Amino acid sequence: MSSRGVRAAGTDGNDFQNRQRIAQHYQESAQYKSVLKWFFVPHFLILVFMWLKVGSEFLRYNFGWKNAFFERLDMPAAYPWEYVWCLSFIPIVLALSSFQRNKLKVLHYAYYAEFICGIFPCMIGLGGQLPELLEYANDMEGSNTPTFKGIFPMVIIWYIFFAVALQIHGFSMYFMHHLAAAWAPVKRD
């Protein structure tokens, strides 16, 4: 749509650039949402394996359910922190539900749930498994550490899990914090 008459005085027609830029906080919001979704993928994959481990044990001991596959794996009993970590799907659900309308309060709930259901159980597991790790490191042949399929020590598997899970939870909290900062209203002095 063109205007009638001559061009406005003092412009050469190149003053549209300021209207074509997207505000920085919108760019950051889209970027952090995308990154968080990518962190939720490995978190959910690990969560599925943990649900299988803990769920099979729960069904076996409480309902007498038997499955040849899980019996062949010869997994040790689940620790209490594993049951709490299985609730770490809650921050994923909260964060994803906050994305559509940029609900800051729901994102804050997801942030704190990430700590309570994700990092806190992992830290308890780290501390609880430390004596077992030290025992295994000092005497690999004579230690009584539970094994996976009778071969590989579970304490090593747990510490690999802790390394991966703590990074996923830590980076998720980091990006949730920055996403909340992008969504927060600007404070005027």
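Using N, Cα and C of the backbone, Cβ positions are placed for all residues, glycine too.
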Ser97 vs Gly142, same side of the membrane according to Swiss-Prot: no
Residue distribution over DSSP helix, strand and coil in the topological domain 'Lumenal' (127-150): 12 helix, 2 strand, 10 coil
